[in-house]
Amino acid sequence: MRIDRLTSKLQLALSDSQSLAVGLDHPAIEPAHLMQALLEQQGGSIKPLLLQVGFDINSLRKELSAELDRLPKIQNPTGDVNMSQDLARLLNQADRLAQQKGDQFISSELVLLAAMDENSKLGKLLLGQGVSKKALENAINNLRGEGAVNDPNIEESRQALDKYTVDLTKRAEEGKLDPVIGRDDEIRRTIQVLQRRTKNNPVLIGEPGVGKTAIAEGLAQRIINGEVPDGLRGKRLLSLDMGALIAGAKYRGEFEERLKSLLNELSKQEGQIILFIDELHTMVGAGKGEGSMDAGNMLKPALARGELHCVGATTLNEYRQYIEKDAALERRFQKVLVDEPSEEDTIAILRGLKERYEVHHKVAITDGAIIAAAKLSHRYITDRQLPDKAIDLIDEAASRIRMEIDSKPEVLDRLERRLIQLKVEAQALKKEKDEAAIKRLEKLQEEIVRLEKEYADLEEIWTSEKAEVTGSAQIQQKIEQSRQELEAARRRGDLNRMAELQYGIIPDLERSLQMVDQHGKPENQLLRSKVTEEEIAEVVSKWTGIPVSKMLEGEREKLLRMETLLHNRVIGQEEAVVAVSNAVRRSRAGLSDPNRPSGSFMFLGPTGVGKTELCKALAEFLFDTEEAMVRIDMSEFMEKHSVARLIGAPPGYVGYEEGGYLTEAVRRKPYSVILLDEVEKAHSDVFNILLQVLEDGRLTDSHGRTVDFRNTVIVMTSNLGSAQIQELVGDREAQRAAVMDAVSTHFRPEFVNRIDEVVIFEPLARDQIAGITDIQLGRLRKRLAERELTMVLSPEALDKLIAVGYDPVYGARPLKRAIQRWIENPLAQLILSGGFEPGSSITGKVVDDEIVFG
């Protein structure tokens with residue numbers, strides 16, 4: 001018998017059986033070796049076949065191992081083993097069976113059938129399992145179908161459904177799918193399309209994260225529960241695993257062969273299988289080589305004839321990009337649009353999923369956390385869809401709590417580190433003999449004893465709390481298992497088991513859980529065992545950088561005295577400071593309009609009065625650094641075309657991929673201060689794109705992405721009307737009227753009308769310049785402190801600086817130049833010439849109308 005007449009899988013099994021014989025020091029390859037190799041073969045058809053007819057695989061393995069152990073062994077084997085007479089006889093018998101069936105190649109299942117001979121050792125072993133040869137023959141006929149074995153690779157293409165699909169109905173039966181809440185209209189519409197005579201292939205289209213795959217899972221659950229029309233009862237919903245279909249297809253035509261075998265198996269099932277293709281667009285172009293067909297084209301005939309019953313899922317963009325371009329493929333599908341659920345629907349979905357996440361993370365999730373997840377994700381995470389983003393919030397918050405439970409609490413960790421530090425110090429002091437060291441050692445030992453007691457007490461509390469949390473998690477897991485069992489009993493119609501579970505086991509477990517929860521001690525809480533609104537808000541803050549979490553007492557006080565803190569940097573300008581502070585307080589209290597920026601201001605006034613400085617102070621107040629400000633110098637946007645730099649170049653232009661300067665900055669940091677400096681210098685068309693930012697808090701960039709400005713404070717500075725401000729000093733009403741007149745002349749009414757507040761900055765008075773001098777000199781003193789130097793100026797020297805630096809027209813900028821000329825320049829020369837050693841104190845006083853240092 002020629003080896004090349006065996007199928008490739010059987011040849012591989014024969015090769016494995018040879019290795020097995022060599023490894024066990026057997027003189028020849030016996031039928032038992034081949035059967036063992038066929039049984040263990042990856043992707044082989046023998047194991048599924050044996051399971052189908054009722055063989056106990058583990059028992060068969062043991063008996064085969066015992067049979068192999070009984071075979072004689074040879075010493076010093078050469079590794080050259082041949083077939084035994086029994087194996088040659090077995091293969092010849094399989095060859096005869098192949099010829100009877102008209103096969104060109106001998107397949108593995110015919111070897112198994114030939115082995116079921118009561119005269120051979122292997123036959124007795126197989127028949128001893130209680131399965132008849134006739135039953136095996138029927139199973140083999142079902143597996144083979146009507147076709148003959150004319151291809152050596154035919155065994156790879158068999159059971160294509162098992163290899164390349166995942167049975168969703170089976171997973172639903174086992175309770176492995178998450179419950180699908182709501183989405184009744186979409187599931188009903190999908191069923192409606194599936195019931196059609198032709199083109200009965202729905203495709204679920206929606207944004208990423210709206211729950212397209214969940215609808216397919218919901219359909220599987222309805223099929224299992226019998227909640228579908230008669231036409232769909234008993235059908236199986238299989239999900240196509242595109243990765244498995246493509247993976248390992250090395251040679252040209254191998255992918256097409258796999259897909260063809262899959263389609264053949266589906267057609268044999270006579271409409272009993274619905275194929276779910278997630279990410280349907282991947283089928284278009286999949287497996288396409290030079291001149292070969294792609295998967296999409298191979299599906300078309302099967303879809304048109306109704307042989308392939310299919311449910312697809314893809315996003316709107318990919319449907320437009322791939323499916324719509326292929327009109328012949330598109331017409332074979334019926335669109336089912338899946339919209340983003342509302343906040344109320346999302347809350348219902350989360351309530352349905354709550355138990356699954358509680359069991360997985362072993363923590364409780366409060367209803368407040370669910371409502372907060374839906375509301376906060378909808379408001380602050382604008383670039384993703386509900387319910388996906390809300391589910392992610394719950395998942396991450398629960399994961400965070402679980403991590404805290406599993407690791408040591410921060411208080412204990414700090415105490416442990418402190419104890420180690422003190423013990424190291426005590427060890428070092430034991431070597432010292434002087435009086436001071438002995439006293440210090442006594443103190444340290446007292447401290448160590450005190451801390452060890454505190455640590456032991458806290459550790460005891462932590463251990464008991466951890467045990468409580470673990471206990472409730474175990475009860476919750478039992479409740480979940482009982483509910484799954486209840487569902488299975490309902491499907492079987494086992495009323496006794498249903499009654500036992502519904503009215504006995506589950507209520508008892510729920511009572512136990514309630515008792516455990518009530519027993520929990522509220523004081524000394526080291527562990528958080530519940531996910532509440534606060535944890536959800538913390539996760540949102542981490543994701544977006546927007547402070548959503550509950551304000552600490554310190555932050556409340558800070559916000560209430562915001563004006564005082566801003567005045568540490570900005571001298572005077574009471575109206576501007578109050579306006580900005582009120583905007584920030586409104587935003588943090590949650591009272592600002594959710595569809596507009598937190599605040600939008602136009603700062604008007606002469607140069608050097610603190611317009612830009614107030615923005616820097618605001619950024620420092622909010623983010624502890626003035627660098628957290630998005631600063632755009634509008635003088636760079638004088639040309640009409642420069643508006644593209646803000647939102648990104650249009651498609652086809654250089655720089656399209658880079659995105660816009662303003663939009664990208666806000667996408668990365670949605671909570672920021674945006675300063676549009678010298679706004680009147682920009683081209684008038686630039687203000688057109690700011691209209692929707694100021695009104696709706698949103699801007700669409702060149703890629704079509706909507707950027708959210710609702711958590712930003714927008715400040716525009718301008719020198720418009722500065723001449724009128726100088727002329728009308730003291731008369732606030734006349735000043736405002738004159739300035740607003742200048743603003744109305746330069747800007748369009750629809751732009752000015754959208755700004756929350758136009759703030760007019762007063763020219764600086766002499767006493768305000770004195771305050772600014774203190775701030776500027778304070779910064780210089782900081783720089784000197786880095787060189788270990790201190791500086792003191794006499795009152796006369798300060799007066800001299802103020803007199804030189806005060807200019808009502810130019811504001812505080814001349815003061816900066818005065819400090820540079822009178823203080824910094826002479827100091828730099830003295831320091832470089834070695835006039836001051838580190839640790840020196842520098843005194844400045846006026847001598848002959850000059851400031852002299854000594």
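Each Cβ is built from the backbone N, Cα and C atoms, and glycine gets one as well.
Owing to the predicted nature of the structure, the values given are computational and were not obtained by experimental measurement.
Feature annotation from Swiss-Prot assigns domain 'Clp R' to 3-146. Marked as region 'Repeat 1' by Swiss-Prot on the basis of sequence analysis: 6-71. Residues or ranges marked as region 'Repeat 2' in Swiss-Prot: 83-146. The region 'NBD1' annotation in Swiss-Prot covers 159-340 and rests on similarity to another entry. What Swiss-Prot records for GLY206, GLU207, PRO208, GLY209, VAL210, GLY211, LYS212, THR213 is ATP 1 binding site, and it gives similarity to another entry as the kind of evidence. Residues or ranges marked as region 'Linker' by Swiss-Prot: 341-545. Per Swiss-Prot, the feature region 'NBD2' maps to 555-763; the stated evidence is similarity to another entry. The ATP 2 binding site annotation in Swiss-Prot covers GLY605, PRO606, THR607, GLY608, VAL609, GLY610, LYS611, THR612. Here Swiss-Prot flags 764-854 as region 'C-terminal'.
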- Message: Through the lens of DSSP with three states only, how would you label LYS212 (ATP 1 binding site)?
- Response: helix
- In the same chain, which residues outside the set GLY605, PRO606, THR607, GLY608, VAL609, GLY610, LYS611, THR612 have their CB within 8 A of the centroid of the CB atoms that define the ATP 2 site? PHE603, GLU613, THR717, ASN719, PHE761, GLY811, ALA812
- Note on the structure: By Cα geometry, the one of the binding-site residues (THR607, GLY610, THR612) nearest PRO208 (ATP 1 binding site) is THR612
- Task: Just give me the nearest neighbour of VAL210 (ATP 1 binding site) among the binding-site residues GLY605, PRO606, VAL609, LYS611, Cα to Cα.
- Result: LYS611
- Task: Please classify the secondary structure at THR612 (ATP 2 binding site) using three-state DSSP.
- Result: helix
- Message: I need the least crowded one of these binding-site residues (LYS212, LYS611), counting other C-beta atoms within 10 angstroms of each C-beta.
- Response: LYS212
- the region 'Repeat 1' (6-71): mean pLDDT? 82
- Task: Name the one residue among GLU207, GLY211, LYS212, THR213 whose Cα is closest in three-dimensional space to that of PRO606 (ATP 2 binding site); these are the binding-site residues.
- Result: GLU207
- Can you check what DSSP calls THR607 (ATP 2 binding site), collapsed to helix, strand or coil? coil
- Counting Cβ atoms within 10 Å of each Cβ, the densest environment among the binding-site residues GLY206, GLY211 belongs to GLY211
- Out of VAL210, VAL609, give me whichever of these binding-site residues has the highest number of other Cβ atoms within 10 Å. VAL609
- Item | Fewest Cβ neighbours within 10 Å, where candidates are the binding-site residues PRO208, GLY605, PRO606, GLY608, GLY610 | PRO208
- Note on the structure: Rounded to a whole number of Å, the separation of the Cα atoms of LYS212 (ATP 1 binding site) and THR612 (ATP 2 binding site) comes to 49
- Item | All-chain count of other Cβ atoms within 10 Å of GLU207 (ATP 1 binding site) | 16
- Query: Which chain neighbours of the ATP 1 site, leaving out GLY206, GLU207, PRO208, GLY209, VAL210, GLY211, LYS212, THR213, have a Cβ atom within 8 Å of the mean position of the site's Cβ atoms?
  - Reply: THR315, VAL338, GLU340, GLN385, ASP388
- Message: Please identify, among the binding-site residues GLY206, GLU207, GLY211, THR213, the one with the smallest Cα-Cα distance to GLY605 (ATP 2 binding site).
- Response: GLU207
- Task: Taking the Cβ of THR607 (ATP 2 binding site) as the reference point, list residues of the same chain whose Cβ is under 8 angstroms away and which are at least six residues distant in sequence.
- Result: ASN719, SER722, TYR810, GLY811, ARG813
- Note on the structure: Cβ neighbour count within 10 Å, max among the binding-site residues THR213, THR612, goes to THR612
